[in-house]
Amino acid sequence: MIKNYFKIAWRNIWKRKGFSAINIGGLAVGMASALLVLLWVQNEISYDRFHENGDSIYRMYNRDNFNGEPWAWGTTPKILGKTLNQDYPEVENVARISSEEFWLGVGNKKFKAEGYITDTGFLKMFSFPLLKGNISTVLNEPSGIVITENLALKLFGAEEAIGKNITVDQSDVFKVTGVLTDLPNNTQFDFDYLLPWSYMKTRGWDDSYWGNNSVETYVQLNNVASQASFDKRVQNINIDHTKDSGNPSSTEVFSWPLYKLHLYSKSENGQLVDGRIVTVRLFTVVGILILLIACINFMNLSTAQSEKRAREVGIRKVAGAPKRNLIFQFLGESTMIAFVAGVLGLILVQLSLHPFNTLVNKELYIDYSSIQFWLTFLGFMLFTGILAGSYPAFFLSSFKPIKVLKGTMNSSTSILTPRKVLVVLQFSFAIILIICTIIINRQINYAQQRDMGYNKNNLIYTFLEGDIRENYELIKQELLSSGAATAVTKTLSPVTQRYSDSWGFTWKGSTEEDKMLDFIIMSADADFANVMGVELVEGRDINIHDFPSDSTAVLLNETAVDRMRLEDPIGTVITQGDQNKTVVGVIKDFIIESPYDPIEPMMINGPSSWFGVLHIKLNPGNTIAEDLALAKGIFKKYNPEFPFEYHFVDEAYAKKFESVQQTASLAALFAALTVFISCLGLFGLATYIARNRIKEIGIRKVMGAGTLGIVTLLSRNFLKLVLVAFCIASPIAWYAMEKWLQSYSYSIGVEWWVFLAVGFLVILIAMLTVSFQAIKAAIANPVKSLRTE
């Protein structure tokens, strides 16, 4: 019987080639889209799920009130990990991570690579397999280094890496004690090498101070301990260890599961909520909707052909076929179509995987050797076939045999039919996605056009490596005298990044609560305002050459002056501990972090501070290539051991939009696919209706009806359905975008013209799709359609 069902199904598919092609094409695109989304979502939710001890690993977080709001952050004091390991028996392993970027050298080869200074517990906690070396001992040696397979290949080629020496940061020699497999792409960790924690002391970095939050701390709890009981015990660890110091802390400590770090990273009211999970949920829904739209196409086209299948159903029922068998037959047809569409969809996925990976900046792939994949894929095709065929199967099997055999079965004239509902649903989804895509892109453009507060054009930065620090003044003078630059300064961090923040400041008129006012900390040499193109609102720039006392001078931004309630800020003395700083200038607010967030108070310290970055304002009178060539020669002269590596500030600033732009690009892609699939179904439906009404059209033409009248006759019902879809979709899209935009401090409004524009666009696309068939039917020779009458 089953074999017979498949034979009949194949004959029906082959008999109606046009509609079958539309059904298979629509389902294939829908299934391919859903598969791509599924691959992306699976990658996102699998982050760091591969660690054997993952369920018992937690990252330590701090929580405190800053600028009047509870805040949680994931950097902790270096001493926290040591204290947890020594004083808390439920802690099985501890790993502190200090992320560093060093030059690594082997002979004449030299590479800059990112790595971690970490504890011996790192490889015991996390499942990063060693190709060579012993997990228990590789990080025990003070002069040992563990490298990844890829870094080993760069440094040593095909030679054995174990036991070889690597020079770190020009002078420190380490011996390779282990080689790791390259990291998978579904981990938040990103390193090329691991150095032992003892290297901290070698570099003179203090790890005994509770007030310096500069490392990530991970703990692995034993099988007996629970996260709740552990958090209760460690909550006040920071407070207890600083209460007798001159600067007591009010910061609480809590843990956060490893598997939640990637998806839940946004701090809100001192809790970690949302984050990446919002985007994952959004595109999960989008993938499901696209698949549903493709299935709706199938339902509509299948039920539209009901009159052609009615006699077949009637004969089978008279012959004794139960309704159950007819349902199985129609489900068999839909499943067969779904399997064909699934294979085509898989081919489409494979063809589009490379550009999709480029779009989402990932390395997604399908493991065709996995039995689990094939079982999942077969289940996916079966589910799609049943979903797409369920309504047509029950609809077609419900025909009364007497009516259909007498030819008295009439099409429904109801205002609300399932077919109309399905078309409305299709276009509602499409309109929602298009509106959301436009608003997301407008929000990105709004942030990109927001006044940055500084001039990023012709501005580059390089790090103070090798001999640059000691030769800074000579390099600066030659850059200016050669015409390569118009201004040069050194700073703590790039102007696009926040390296440090601090609190606990007092000033005349400050309150106890003001000590919790958090400042972004920057340090700068002379000419900061000139190099950055920052506007001085009051006072002057820091200039130790003309004002020797400027070693303790500071600049404040406008927000800092406002939050400190300073009416006359110039000359104000700001105290932190035993240090006094004097305000010499106020600069206009500029964006150093997210362009979507409000500006925070900023303090720019004078030359007594540490500097790590050199900013160069290139000469606009030359080409950029000419300026860079001159600069390269100067750096080669004074820093011969290191290549001249530079970064454009405008490119660094543009990276702040990458994540949101990925979301916008994905939304645009899936909105376009939704419209394509919907119009494909509409085209098929219009074709079928035009064929069914071909004799009516012939009579109307004979009676004098014009082409425009006939086109209007065939199109107006579709227009009504699209208008209904627009009325349903608009408030839903409005609500969704209002909620989304509320997450940004600086955002556009949801404007009415976007909805009208999208409504017009969708109506135009739908009408063009339908009109093609309508015009074709309207200009046909009526003699051909009426020759049998």
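The backbone N, Cα and C atoms fix where each Cβ goes, glycine too.
Heads up, TrEMBL stuff is auto-annotated, nobody curated it.
Per TrEMBL, the feature domain 'MacB-like periplasmic core' maps to 20-236, 491-590. Residues annotated as domain 'ABC3 transporter permease C-terminal' in TrEMBL: 285-397, 669-782. The transmembrane segment annotation in TrEMBL covers 21-41, 282-301, 326-353, 373-399, 420-440, 666-690, 718-737, 752-775.
Stretch with the most C-beta contacts under 8 angstroms to the transmembrane segment (666-690), considering only 21-41, 282-301, 420-440, 718-737, 752-775: 282-301. Simply put, out of 326-353, 420-440, 718-737, 420-440 has the most Cβ pairs sitting under 8 Å from the transmembrane segment (282-301).
Taking H, G and I as helix, E and B as strand and the rest as coil, DSSP gives the domain 'MacB-like periplasmic core' (491-590) the counts 21 helix, 33 strand, 46 coil.
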